[in-house]
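Features of the protein shown, as given by Swiss-Prot:
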type	residues	note
BINDING	89, 90, 91, 92, 93, 143, 185, 212	substrate binding site
ACT_SITE	89	active site, proton acceptor
REGION	243-249	region 'RNA binding'
ACT_SITE	262	active site, nucleophile
REGION	267-271	region 'RNA binding'
BINDING	300, 302, 305, 331	Zn(2+) binding site
């Protein structure tokens, strides 16, 4: 992997990631394809929108369909019909999400499979081997996602466990030509974030992620930890904010120096009839849209906005039609892609602060 930092504008960064399956322009948003598919979309549709990279999930693909199926296809790219870069998360967050169904030890995590109840054991070494089989362009270390809330002692113990697991992940990744990212943890405590970042930088990863945010903490805490942590990460390596977020979150994080994002929000919200637009959200299920013959957003050129009305999409979502979920997902992903394209153009033009002011003013208009 090679990362070129092309230019900066304040804290915002414009770059390129050179990966095994292609070049990715940053800042970049990666749609989430948990089971090897972005829900309701085909790979061709995702590529046609303009996305250059997807995120897929190590934990879920390991459980279903299983590694032997993916290995028989020669890796995840051929299995899912996507020939551009893929980042896979390590499974740490999914194990964290199992709650009482899992037991964390120094060696790894014991848990009952949520699909069939089988007793399973996931370690840093296992996670690296799974991701090697998937042949993901960017591999994430196996870490423990620090819960929220956590005392300083709990956050410290969790973070230091993640550091030990990071070292084991790095050792197990040896020989894999694909990139490996470290993940900064430490809860809501600046000193712990400092320790985590310092130790991970000493291990020399290809890129660095900020984890353990957007896990239920107040927005002010997320903003504080992000603003504190991002500038400490190496300027010549990509910076990835995991699991974030709303359009305003993305714009704020770019200003803080983040290069990569992923989130289920555009696809999950779409299936619930929540649409992102330049003037804020539209909850298309609401009765106010029943007779509205305008497109979702007059300034959007996605397929849904070029061909259908708000009233029609309202009808589809209320009726539970599959086309409704497809159109809303297509629109939301198109919005996110266009937002990041505008962010990159603003940094290129050295007008990012003007873009931010215009973005917030337009979002505040509402419908």
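Glycine residues also receive a Cβ, built from the backbone N, Cα and C atoms like all the rest.
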Note to self: On the three-state reduction of DSSP, what should I expect for residue 331 (Zn(2+) binding site)?
What the structure shows: helix
Check: Given residue 262 (active site, nucleophile) and residue 91 (substrate binding site), what distance in Å do their CA atoms have, once rounded to a whole number?
Finding: 15
Next item on the list: Would you mind splitting the region 'RNA binding' (267-271) into helix, strand and coil residue counts from DSSP?
Entry: 5 helix, 0 strand, 0 coil
Next item on the list: Please name which of the binding-site residues listed here, 300, 302, 305, 331, is nearest in space to residue 89 (substrate binding site), Cα against Cα.
Entry: 331
Item checked: Cβ within 8 Å of the mean position of the Cβ atoms of 89, 90, 91, 92, 93, 143, 185, 212: remaining residues of the chain near substrate -> 95, 96, 140, 141, 142, 144, 145, 162, 183, 211, 242
Checklist line | pLDDT averaged over the residues of the region 'RNA binding' (243-249) | finding: 97
Note to self: Can you break down the region 'RNA binding' (243-249) into helix, strand and coil residue counts using DSSP?
What the structure shows: 3 helix, 1 strand, 3 coil
Notebook entry, point to check: At the level of the C-alpha atoms, what whole-angstrom distance separates residue 331 (Zn(2+) binding site) and residue 93 (substrate binding site)?
Noted result: 28
Notebook entry, point to check: Taking just the CA atoms, what is the gap between residue 212 (substrate binding site) and residue 305 (Zn(2+) binding site) in Å?
Noted result: 36
Check: What's the CA to CA span in angstrom from residue 90 (substrate binding site) over to residue 305 (Zn(2+) binding site)?
Finding: 36
